[in-house]
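The structure appears right after this line, and notes come after that.
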Amino acid sequence: MREAPHVLGIVLAGGEGKRLYPLTADRAKPAVPFGGAYRLIDFVLSNLVNARYLRICVLTQYKSHSLDRHISQNWRLSGLAGEYITPVPAQQRLGPRWYTGSADAIYQSLNLIYDEDPDYIVVFGADHVYRMDPEQMVRFHIDSGAGVTVAGIRVPRADASAFGCIDADDAGTIRDFVEKPLEPPGTPDDPTSTFVSMGNYVFTTKVLIDAIRADADDDHSDHDMGGDIIPRLVADGMAVVYDFSNNEVPGATDRDRAYWRDVGTLDAFYDAHMDLVSVHPVFNLYNKRWPIRGESENLAPAKFVNGGSAQESVVGAGSIISAASVRNSVLSSNVVVEDGAIVEGSVIMPGARVGRDAVVRHAILDKNVVVGPGEMVGVDLDKDRERFAISAGGVVAVGKGVWI
């Protein structure tokens, strides 16, 4: 039995998430609440921790306070055993500047790699919804002998132009890596599907260090992992693709096997929530064998009084539904829905309040939003357009702390 390799986890969590505005007006994209009890970063951290990768650096930058606080309060590991999940903002070790890209974030944090001296480094994104056992991908990488392994998910070729696409040969060696091509390549075994990059990579340590240092010296580079580092290694013949559909997560069902969602737009974020409240959701939050860990607040249970009800909904701890109707919605913790109010097809984040006889439909309410008595959101889009953001799909998004 071979010795387990020494693996360091690096999570790229500096994303601004402009397409999710106003949800990212006051927080980094990985800190956006999701699913009634989580933040987006909880999915990647859960995957790494479940795989027993317990030395993790989270590289942060944009409006990172809520993200830093969430990690420090909810992701404490045993320091006695050398385990840690630590947020790392730009240290400005190489001069008075912030990160200029995801590759530059690693370049400015090379001291963390030198200190840990790992055999391999997993570099994962922080803002996707999925389950994955990264240990299987690391084993695949070691067996392949490649310098970098790129996780790829199969999508219909007709839908692949919105993503970074992978062209691989029959052996899995990546021949080309192209961002948003007009003509996406097929996979070796299926010309109707395309491997799309998940933004998850496994590197042999020396290969990553050499590529990062060379990129830092390139004045023409954008210093981006997907846009610069991976194409550089592809050109050198050092990159292979890992087929995400081969990843077997304990407790997974046929429906949620290889589930992965980029929730970087309001519509994608909303649709992923609506899946959660369906009778048979594609993504199962209740897989106890591969749990997603989230907020650990000590809150009272949700309460329904005076005939209040919730149907096909997720309702977070500490919430109170009083003589109100909630349908097809996700309510986070400490949400109050008052007498006579109606909430339908909506995503309500922690601490929000929907007043007496108010109506909220097809909407996303950020933290601590207050909808006053008799007010309506998502009913008159022309009126809402004057006050709030509205997605291409007609979802009304109300920013943090707004009183209506």
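The count begins at 1 with the first shown residue.
Any Cβ shown, glycine's included, is placed from N, Cα and C.
Taken verbatim from Swiss-Prot:
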type	residues	note
BINDING	Tyr99, Gly164, Glu179, Lys180, Ser197	alpha-D-glucose 1-phosphate binding site
If you draw a 10 Å sphere on the Cβ of Gly164 (alpha-D-glucose 1-phosphate binding site), how many other Cβ atoms land inside?
21
Local backbone state of Lys180 (alpha-D-glucose 1-phosphate binding site), from DSSP in three classes:
coil
With the alpha-D-glucose 1-phosphate site defined by the record as Tyr99, Gly164, Glu179, Lys180, Ser197, how many Å span the farthest pair of C-alpha atoms?
24
Set of same-chain residues at least 6 away whose C-beta sits under 8 angstroms from Ser197 (alpha-D-glucose 1-phosphate binding site):
Val150, Ala151, Gly152, Phe163, Gly164, Cys165, Ile166, Phe177, Gly226, Ile230
Test of understanding: give the count of other CB atoms lying within 10 angstroms of the CB of Glu179 (alpha-D-glucose 1-phosphate binding site).
14
